[in-house]
Each structure stands twice: as C-alpha cells, then as structure tokens.
Amino acid sequence: MSELDIGILALQGDVAENLMSTMEAMNELGIDGSVSQVKTPDQISAVDGLIIPGGESTMMGQLSITNGAMNSLKEKIESGIPVLGICAGMILLSKNSKDRVLGATKQPLLDVLDVEIERNSFGRQKDSFEAEVSLDAMDIPSFQGVFIRAPAVLRTGSGVETLGKFNEKIIAVKQGNILATSFHPELTRDVSLHKQFVKMVKDSKS
Amino acid sequence: MIPLSGDLAKAKGIKSENVESVDVTKGTSTLKRGFAHMLKNGVVMDVTTVEQAQIAEEAGAVSVMVLDKLPSDVRKAGGVARTASIRIIQDIMDHVTIPVMAKCRIGHVYEAKVLAEANVDMVDESEVLTPADENHHIWKWDFTTPFVNGARSLAEALRRIEEGAAMIRTKGEPGTGNVAEAVLHIKKVNDELRTIKSIYDSDDKQGLVSMAREFKVSLDLVEETAKLGRMPVVNFAAGGIATPADAAYLMSLGCDGIFVGSGIFKAEDAMERARAVVLATTFWEDADAVKEAQKMINEKQSILGLDVNNLELRMQERGGSS
C-alpha cells in the first residue's frame, strides 16, 4: 500500500495530463503515492482523493449515471475525501449550472458544491484565453490560468470561500474538502495547485 | 502539461489584449491543442440539422461537426461539396451546449475565415468537401480558432501540424461505413512512430534527418515527435466507423477518440446507436461493456457500407501529396 491513492475520473477528458501533474506534484513533495484512472464504483470507492478533469460535463454526467459512478462519487465526496474539480469537473460538482446562451439545462450534477455556475461564461473557443491569476488563499500568488470555454461561478453559498477572480468573475472556490477551478492547471508545467491538492489529501488521511 | 512540439510562437492567430490591466492572450497552441485534449475519449458526431445535434448531445457526444450533407450523401450527390450554411451552423450553436465544429474545403482560406467569424469552436479542413486548392492547405497559424486535419500517415500528420493543425484524425474513407481504411491509416501512423522512436533512441541524428526529408517536414518536429513516441497533438479515428465495435477497435489501436460521420445518422437506429458508440468508446477496454453496447444496435439497421476497392471517388487522396 502506498501512502496516498489519488484517482482521476477517467470517463472522458484530459485524464492523462492530470495524472502526470499529480505524479509530478507527489514527486516534488517527496510523497510516496499512487495515481490511477478510475471509472467504476469499485475503483472510486478505493481512493483517498479524487480529481474530476476537464472535458465535457454533459457527457461525463450522463456516463456516470449509466455505470453507477454518479452515486459512488457523491457518497465518497460527502464522506469527506478531498476532490479537485477542473472546468467540467467544477460544473459537475455544483448544485446549479446554466449555460450562458441556452440558460437552464437538464444536465446531471453531483450537487455537492454550493455554487451557481455559468457555463461557457467567457464565450466560445475563439475567446478561450491565458491570463495570470492569483490564488493567495492557497499560497499561490501567481499562476498562468488556461481558460478553455471556461465556466465561472456566479453565486456562492455560505460555506464557500472564493479563492480567485478574473475580471470580476469567480474562477476558483473551496468548500471544505472540495476545491474547484475554472482554468486548467494540468495544461501548464506549473504543478503548484496539484501540490496543494496532494497536501489536502495527505492532511485528510492523518 | 501538453506537448507543444512545432509551436510557432509568433503566429498571427495569437491575439494579446489588456483587460483591466491584466494581459490576456488568445489563440496560443496551449489553448488550441488544449481544447482538443478536452475531447479525448469522446465521440464527435457529424450532423446536418438542429434535431440531429440535439440527439448527439443527449447521447453523450463531446462535440458535433456540422456539414451540408453527410459524407455518404456527398458521395451520392457528386458535384462540388462546400461548407454548410452559416445559418444552420449558428442555429445549432444556439441549441446545444457542447462545442460545434464545421468543415471547410482544403485550402479554402475564406470558408475557414467565415467559419471562424461565425464562432465555431474548431474548423475541420476536410477531404470530404471538394478541395479548393490542390497544392496548398490553409496556413492555420493565422487563425485564432483551432483546426483539425485528416492524415493517412505520420508524414501527412506532421505536415498538417507544421501548418498549425491543433488536432489530427485519420482520413479513413468517409461515407463508406467501412472501417478498413481508418484501421490501415492508424496502423501506418503507429508503425512510423515506432520507426522514428527507435532511430531517436539509437541516437542516430542522420537517420532523423533522412526521415525529415522523406516526410517533408522540419527536423525539429520529427525529432520532438520521435522523442515523445506519439503524435504531438490529439489524434482521433475517422472515416467509415459505423458500429460500437468499430469505435472500440480503433480506440484499442491507440486513437484518442472517435469521429462518426454517416455511421450514425444514415443508420435507422440513430438515437440508440449514438449512445452505443459513446459507451463503446468510453469503456473500450472492457469487452463485456462493448458487447452490451453492440447489443443496443441492430446490424440490419446499419449503414449498408461500400467496398473501398471499387470506389469512383477516393476522398482520402485529396490533399494527400501536399
């Protein structure tokens, strides 16, 4: 058994990139841990921490209902294991999500993060952008934010801490064991956010 | 982190602006290639109407590709195949939340500009449409919108990447419902990757130079690809995929995801089949799950399919030599 087992939800999206960033983060922290791809309820129930990667949130939501992953994800997160939701992952974690153009949709959500999300908040792919953001509450003063058809948080509930904003829109939040970002730390070489997440998982185990 | 091999740092498509004293950059390779990375392990479906796009989204497609006619109808109709109506593309963008792609003719810079202005998420410079320039593909670095291109070999793929493609797909033989050519193309790419990787591993610089000459691309790009041992951008399967088992087979050959053209909406069980192809693509490693997906479709309702050896038109050869 390794010290920590972190799972990347591997139904769809940029799974391998998160796997590499998490392994690199463990390396830099000198933590002996393992990172694996998880798809099934059994695999999900075995991990100490979970990353829901970037991809298409509608697709991931539907598929996780089909194979029963939705319920085990929800149970596992409510039991208190740390979870990092990135872009589509942030949408999936939310209680409420609407599309900037289409408005309310019927997409399945995990309903654990008390925020309202606006999907495609900054526009379509041509308006995807890179910009420096700061997450001072996470001890990350400067991070190159890669925003791809990114969502933003419109409203936060009482237990939710805003970690970062871009142009007046909330782009990173924390609620207890749940961490979520609009941008993609796994697409850059900087693993400082993944390191903070690995520390959260380590702290939750001790 | 994602590979940025062959990146052109000063491309015209990169736009910088200042939003409330913060520098914002659009159209970088990280953003264009990163967009394709978000589609991985997913299925992109060809559609011609809003209704088909909604069926695709509901079935779990990661994106839809808008065409005027499905590839098998392009084959039947003959004549010149052009980009789809902008009104239909925009109507589809107003009705689905997933990304919307559209095809332009090979080399047709202005069809591509029109699609970019219409705000599609990705442009497919496609051999399914009639080429507008037999000698040159579009110089895709000039665009902020990312492009996907077809390729039958690693050489073709690297030439497209050198022109700025952010994603590659096999060409296969579109509109045939016959997966054989897509299988041939991905296997060729895999063989060529193994070859250049072994040249790289044996520290044979001269060998890499020969490969760059043979491929007609820069040595740097060949060297970086050889080092990676895989295509430096996301590589999907396309051309002739008709069933869940087809999709799973191509995933098993190392493709990052699947494009389905005529296979779904020329079948008589489109809704079920769309869902089944998505399931088989996600769970391709589990043969039992693929069987369950295959059970959702009825072979009597599959697209009839064509023998690829007796075709009047081989779309895959379009733009192949340049």
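Using N, Cα and C of the backbone, Cβ positions are placed for all residues, glycine too.
In TrEMBL, annotation is done automatically, which means it is predicted and not curated.
Computed from a predicted structure; not experimentally measured.
From the candidate list A:ARG119, A:ARG155, the residue TrEMBL records in the L-glutamine site shared with A:GLY55, A:GLU56, A:SER57, A:ILE148, A:ARG149 is A:ARG119. Measuring Cα to Cα from A:HIS184 (active site, charge relay system), none of the binding-site residues A:GLU56, A:SER57, A:ARG119, A:ARG149 fall within 10 Å. Following the DSSP three-state reduction, the secondary structure of A:ARG119 (L-glutamine binding site) is strand. A:GLU186 (active site, charge relay system) sits 11 Å from A:CYS87 (active site, nucleophile), taking the C-alpha atoms as the reference points. Every protein chain shown contributes to the tally, and the Cβ of A:GLU186 (active site, charge relay system) ends up with 30 other Cβ atoms within 10 Å. Across the residues annotated as binding L-glutamine (A:GLY55, A:GLU56, A:SER57, A:ARG119, A:ILE148, A:ARG149), the widest Cα-Cα separation comes to 13 Å. Just so you know, of the binding-site residues A:GLY55, A:SER57, A:ARG119, the Cβ with the fewest other Cβ atoms around it within 10 Å is the one at A:ARG119. On the backbone, the CA of A:GLU56 (L-glutamine binding site) and the CA of A:CYS87 (active site, nucleophile) stand 9 Å apart.
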